[in-house]
Amino acid sequence: MEEKENQTQVGLKSSLDSEQFSQSQDKELDVAVRAVQMACSLCQRVQDGLISRTGGNEIQSKDDNSPVTVADWSVQATVSWVLSEAFGSRNVSIVAEEDVQTLSKPCAAGLLEAVVKTVNKSLVDAPHFGLKGPEMPLGTSEVLEAISRCNSNGGPTGRFWALDPVDGTLGFVRGDQYAIALALIEDGEVVLGVLGCPNYPMRKEWLGYHHRYHRIVSKLTPPTSESWDKGCVIYARRGSGKAWMQPLLHVNKKLVWPNSARPVRVSSIDNPSMATFCEPVEKANSSHSFTAGLAHSVGMRKQPLRVYSMVKYAAIARGDAEVFMKFARAGYKEKIWDHAAGVVVIQEAGGMVTDARGRPLDFSKGTYLEGLDRGIIASAGATLHDKIITAVDASWDSSSL
Ligand SMILES: Nc1ncnc2c1ncn2[C@@H]1O[C@H](COP(=O)(O)OS(=O)(=O)O)[C@@H](OP(=O)(O)O)[C@H]1O
Ligand SMILES: [Mg+2]
Ligand SMILES: [Mg+2]
Ligand SMILES: [Mg+2]
């Protein structure tokens, strides 16, 4: 009898534990989605400003000649601050792209001031996103601290967030596609991912409209003004078998939290002749000629969809395209924040992501995807995936990569 009572208590305890565990996971996803929504709003403001002005110091060049902007630092500070506020700074470890070196130089005072202003402008809106903002505007040192707190190196054990504050910064400065990517990694596995895609409309048909007209002639009314959703946030928790999409929240339009979400699913197309593949816009980031050869050899006949940023992962998860391929130049090491959120979102939406040998991406080795073989393949399913991997094997040796 006593034993039975003990068993019941143990059973009760373990079910409570798992409930508490899932509640804490829900809180993490919930806060991550809100933080990314807020970051999307921040980026839209900065991008609109960049497009209407020319010059200024908002865009800087990093050592590798890639751009970094007020938005990259401001999103990193804002998301870092929000996560610390929600979970306590001692419990939050973040691996992120940007550092404070450029910002801390005496000659960068104007830039730093712009970042502090942008962060505070964004945090004032925190309640619209169901988040708590600071009681007082953050000072310069608090903003710098929030950015530099993202100094985790990742690794095989424990939990850390991986943040790409603006992915596709080149697309961002060109008024085009970009993404905000936030993932939580636990013992080397991505457990949740959120992709904010401020210029990727809820409906694919609006993409062309958006690009061709909306940015250039902003006074044009949207196609269906009532349901015009300029961007979206896609997210998933590992093991749930579902990925979700929300429209962007608009503080000005009183479209605030709680937001509506709908499930997204990968495409059911498995015939290469009907499949569309995505790849990076810049040839420097991926060999367009090698991917064209692969596409041809598996029978993919459609024009590639060249899109900046992890919007490519979002496109696969939503079923707007069937394949994503990236073959960076030899020696380039892919970073975890460029892929973590996209991988879990695609997998939970029913798709696959591996390296070009068919092995899972390894998020347990620190900042880089160490051991990545040749390139990255994401797809809507095993039929397309296997064909592409077989084609890579057949053509790799004769390629100049
Ligand atoms: N040489 C080289 N090769 C491959 N990849 C590189 C390279 N240099 C940079 N990067 C990383 O690519 C990120 C942008 O990737 P995209 O797929 O958006 O490329 S593209 O802009 O569409 O061409 C970009 O992310 P962000 O810096 O966040 O924009 C970089 O992390
Ligand atoms: Mg990136
Ligand atoms: Mg970036
Ligand atoms: Mg960058």
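Using the three backbone atoms N, Cα and C, a Cβ is placed for every residue, glycine included.
Predicted automatically and left uncurated, TrEMBL annotations should be read as such.
As annotated by TrEMBL, Mg(2+) binding site applies to GLU97, ASP164, ASP167, ASP338. The Cβ of GLU97 (Mg(2+) binding site) has 24 neighbouring Cβ atoms from other residues within 10 Å, across all protein chains displayed.
Under the heading compositional bias 'Polar residues', TrEMBL lists 7-21.
Under the heading region 'Disordered', TrEMBL lists 1-21.
Ranked by how many other Cβ atoms sit within 10 Å of their Cβ, the binding-site residues ASP164, ASP167, ASP338 place ASP338 at the bottom.
Within 8 Å of the Cβ centroid of the Mg(2+) site, not counting the listed residues GLU97, ASP164, ASP167, ASP338, the chain contributes LEU163, PRO165, VAL166, ALA181, MET310, LYS335, TRP337. ASP338 (Mg(2+) binding site) falls within a helix when secondary structure is assigned with DSSP.
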